[in-house]
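K.L.:
Shown below is the structure under consideration.
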Amino acid sequence: MAAPIIRVLSICTILGIITDCRRINQSDMAHYKQKVTEMFHHAYDGYIQYAYPYDELRPLTCDGHDTWGSYSLTLIDAFDMLVIMGNNTEFQRVADIVIDKMNFDNDINVSVFETNIRVVGGLLSAHLFSKQGGLPLEPGWPCSGPLLRMAEDVARRLLPAFDTPTGMPYGTVNLKYGVPKGETTITCTAGVGTFVVEFGALSRLTGDPIFEKVAMRAMHSLWRARSPLDLVGNHIDVSTGQWTALDAGIGGGVDSYFEYLVKGSIMFSNTELLEMFNTYQSAVETYLKKDDWYMWAHMTKGSVSLPIFTSLDCYWPGIQAMLGDIDKAMKTIHNFHQVWKQFGFLPEFYNIVKNEPHAGREGYPLRPELIEATMYLYQATKDPYLLQIGVDMIQSIEHTTRTSCGYATVKDVSTHELENRMESFFLAETVKYLYLLFDEDNFIHNTGDHGTVIDTPNGKCVIDTGSYIFNTEAHPIDTAAMYCCSAEKKEHDLELQEFQDNLDLLTLFDLNDKDVTSEGVRWSVYKKKNVTESKERDIANQIDDLQEQVRRFQVQSEGEHQRIVSIKGQTFTQKQHSKKDTKVVTIDAKHIPAQTSSVSVEEKSKEDSTTQDSGSLEKHEVKAEQQKVKIKIAMSGDDKKKSTIEVCKTDGSCEKVTSGDSGDIDANAEIDETLEDQHIDKSRNAKDSVKLNVEIPSAAGGPSVSETTNQQFHTIRYETSPARSTTSSNKFNDVLKLIKSFTDDYLASSGVKSVKTLHEKMKYYSLFHREKPEMMVCDAQPFYMRFSLMGEMFLTEN
């Protein structure tokens, strides 16, 4: 088949050649953001003035008409966009209208699919934006609220459609009386499998599992009905489960089923849904993909039946971006963009072989799928070529479709003849994705560096962290808020509380004190009396399990790579940067210069130490490439406010430095430490060693170690002796300081300044995660892929 193959050659990026598009700078970004804002208000104001309370605006005659259900559809669909753009005043005004005047107890037949994605999705998103939009909140928010109750009411009116032998829903339902008599049992695949995002969120927010159950049952029925080639057709009989249209594709009639397998797996950590999608994707790549186009094929034979690209195919690169398959996504979206440039728009159907719109499907109803995928890919790549797609779409829509009161559907992309309709998804999706493409600082794009802690009946929750899932109508669902209300959170809170109650830090560090205070922090977790041997094993198992979980995660912060390996403190490591420059070693708050970038400091205790209370640190040795510095520290166990440091250079000259009475001696001062042993064991022999990392700041006025480029490890080596001992209280304080020195750097950006606040912060995080799918470590979609359902960052593994 001689199909034209358009390869992805991003003119803006390949070989640095810029011919087809110019680089868009920050000034351009602001310009196009403002332009999209004006587009939204032109269409929105036109609807409010000429069409409300009808469903949609007719932009050529500037009046309104009902299309999907006579429930002011455009108003609900555009509801959350007001918050995204920061127009909270209008959001609050519309909320009052919707809450006071909207009534769904009407004798009207509606599309189950459209009502779910537009009305239920729109109300859910607006409910979760209530705090951001400045609405008064009920005490139980986000688990209660008037907009949530409205979404639940609409969803319950859709439930009768799912009462079929297969669990697949009818396509139409009467809002007052249920499934109409004589309703056809034939519906499209997307109409069966596009509910888990909205219905799953409803179940988590309301506590009623029925919504998620019916959505999952429908998805499982479709899964069982797939062909031996792992393909699904376009239409199915919901009563028998038999396919009535056998064309398999990724576009219209199927599209959002695949989309919700991926998004549902992310929202609910459901690996089963991801496995389903991966199976389908493999079949799609085998039978439907021809070069970088996706065609239609017979679901049981695998042979191409229609060499057609549909405009609804354009969501697919966005899904690929979520899964980290960037190269394939970029190639595919480049093909789609070339079709746009050919006509100025995308026809509903495009004949790949003939390079022309398919007869009878030449129109463009202002669809969002191309800009949707573009926005996702730009978040993943920041490729300026993708911004050019957005610019092309803005210019085409503005030039051809703008009317005196809105924007009109393109009836024929070849002639640019217009049609008197502006679908609600133009404001809900097309303009929203355009706006988010050019508004890089929007709160939707939060990558998790900040959030909001709220008090709810379910305890403290973290929201507004950027962990949004867009439903197929572009209504964002804050999965962190959803998790806050879920039964899963309650289970995790109980598990975490049990863990904290049983965590025995004193035994963990081989300490005897049952009540130790450090810097005003009282650690009240201690070993309970008469703990049975089996209980001790249980605690040990909990700690071992936690260790395995923590080992998976790595934090990247300010150019430093910090890896948490164990809560026991056995291996805290911090990779830092250094360069050849004059550095100083800091011990007891005294700075000792060293002309090298690679310094090894060894501290050895004398084997012939005779007193247990002396606490003396006898010998420090600093080795350098150009000069050798010997450091001796004498520290009195009775008077720890004084110490003497002797610095000897290779030329034989020595200098003694003694701290004053006011200078506290702190062997841990200014030191980032690495403790390799599992715990401090009193019984180990004198040759056992504990390694500690030393932070080496630069000379006065120079850059700090963390600001330089060459990575080096700096190590202090301690060799302990049975003759030297400290009280368990001192040992415990040392351990707490070790943890604090690590956590101060690691968690400074999160506002955790002490061990006490670290301990309190643990309550906001779930330490018990299921195994996450591979996509969770992809950077393609930071505003939800790096977050758990409660807003906690997934710390990706290298």
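Backbone N, Cα and C define each Cβ position, glycine as well.
Automatic, uncurated: that is what TrEMBL annotation is.
Sharing the record's features from TrEMBL:
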type	residues	note
ACT_SITE	E114	active site, proton donor
ACT_SITE	D255	active site
ACT_SITE	E348	active site, proton donor
ACT_SITE	E369	active site
BINDING	T472	Ca(2+) binding site
COILED	529-556	coiled coil
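Could you give the neighbours, burial and distances for every feature on this list?
P.N.:
E114 (active site, proton donor) counts 18 other C-beta atoms within 10 Å of its own C-beta, drawing on all protein chains shown.
Within 10 Å of the C-beta of D255 (active site) there are 25 other C-beta atoms, taking all protein chains into account.
Its Cβ taken as reference, E348 (active site, proton donor) is surrounded by 20 other Cβ atoms within 10 Å in the chains shown.
Residues near E369 (active site) in space but far in sequence (CB under 8 A, at least 6 apart, same chain), listed by position: S311, L312, D313, C314, Y315, G318.
Sequence-distant neighbours of T472 (Ca(2+) binding site): residues of the same chain at least 6 apart with a C-beta under 8 Å from its C-beta are I117, G121, T194, V197, D255, S256, E259, Y260, Y315.
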K.L.:
Looking at the coiled coil (529-556) alone, can you tell me the average pLDDT?
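P.N.:
Within the coiled coil (529-556), the model's average pLDDT equals 54.
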K.L.:
Between E114 (active site, proton donor) and E348 (active site, proton donor), how many Å separate their Cα atoms?
P.N.:
19
